[in-house]
Structures are given as C-alpha cells and as structure tokens.
Amino acid sequence: KSCCRNTLARNCYNACRFTGGSQPTCGILCDCIHVTTTTCPSSHPS
C-alpha cells in the first residue's frame, strides 16, 4: 500500500506509476511511502 502526504503527492505518484515508474522511485520523487499495513500513518494520510 502506498501512502502520500497529500492529494498532490498522490496524483504525482499515480502519474509516475502509470508511466512505468517503480514503486520505490515514484515514492521518492513524490514524497510517498509504502506500508505493509492497511492504514497509512498520520504523516502520510493520502
């Protein structure tokens, strides 16, 4: 599960992934993180 700081970061991440970017690369570029749980931390709610 990916978690982003806000909607802008989420849109960035989705666009990055759509164009073939890897999860780690898109996470770094768009300030998103990946979690193994079903909920996101408060620092990355989106």
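Glycine residues also receive a Cβ, built from the backbone N, Cα and C atoms like all the rest.
The disulfide bond feature in Swiss-Prot is assigned to C3-C40, C4-C32, C12-C30, C16-C26.
Per Cα geometry, C26 is the residue among the disulfide-bonded residues C3, C26, C40 nearest to C12 (disulfide bond). Looking at C4 (disulfide bond) and C30 (disulfide bond), their Cα atoms lie 8 Å from each other. Separating the Cα atoms of C32 (disulfide bond) and C3 (disulfide bond) is a whole-number distance of 5 Å.
Separation of the C-alpha atoms of C26 (disulfide bond) and C3 (disulfide bond): 11 Å, rounded to the nearest whole number. Comparing C16 (disulfide bond) with C3 (disulfide bond), their Cα atoms are 14 Å apart once rounded. Here C3 (disulfide bond) is positioned 10 angstrom away from C30 (disulfide bond), judged by their C-alpha atoms.
In the three-state DSSP classification, C12 (disulfide bond) falls within a helix. Cβ contacts within 10 Å of C26 (disulfide bond), excluding its own Cβ and spanning all protein chains shown: 22. Cβ contacts within 10 Å of C40 (disulfide bond), excluding its own Cβ and spanning all protein chains shown: 17. Less than 8 angstroms from the CB of C3 (disulfide bond) sit C32, I33, H34, V35, C40, P41, H44, P45, S46, each of them six or more residues away in the same chain.
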